[in-house]
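See structure below.
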Amino acid sequence: MTTRPYRSTARAEAAGQTRARILDAATALLREAGVTGFSLESVAKAAGVARLTVYNQLGSRRALLEAVFDEIATRGGLHRIREAMADSDPHAGLRRLVGIFCDFWGYDLHSLASLSGAASNDAEFAEGLAARNERRRGGFSILVGRLVQQGDVRARKARDLVDLLFVLTSLPVFAQLATGKRSNAAIHKLILAAVEDAVRRAGE
């Protein structure tokens, strides 16, 4: 009577390990070769599994790309966003949020840049990636709203401030600053200074 649950658990664990191996291979492939040639077949070969296994685990190429992005998001620390949003001081929450996104972009910049490049040739994937990016804007919108409530930001400047924060913490800005051989810490410092200056100006 106990063999079935055990076998079911073992199968689930094996499937989880296979999925992790596939995502590791897909991420490495993006990092090393970019989006060119990225396919279910190439990922299957890199992971040492059959193409059908990749298909059964993830489905389409777009789903695989989205899964890679979400895996990088988890490893890159985006789970810390909830804590930053819960900070009683919106200024501190904003600083923490900037740090989280800088850590995320810097965690695996090459793979994230490849994913961004893939979006330019895949409308459906671009839509999914844009939706994930809009969550970042939503977080800044909430924090800016709290700054308005406590009188630190003028209401008429709130929308522009949110848009500016969204741009300053974007992948293209981080990647451009990284081309100057700056460390992730140096990039974080530059972006945070720009963010704090934008907040100050929005309060004038």
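Cβ atoms are placed via backbone N, Cα and C, with glycine included.
Mean pLDDT, taken over the DNA-binding region (39-58), works out to 88 on the 0 to 100 scale. The DNA-binding region annotation in TrEMBL covers 39-58.
Feature annotation from TrEMBL assigns domain 'HTH tetR-type' to 16-76.
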Intrachain neighbours beyond the DNA-binding region (39-58), with Cβ under 8 angstroms and 6 or more residues off its ends: 15, 18-19, 21-22, 24-26, 28-29, 64, 67
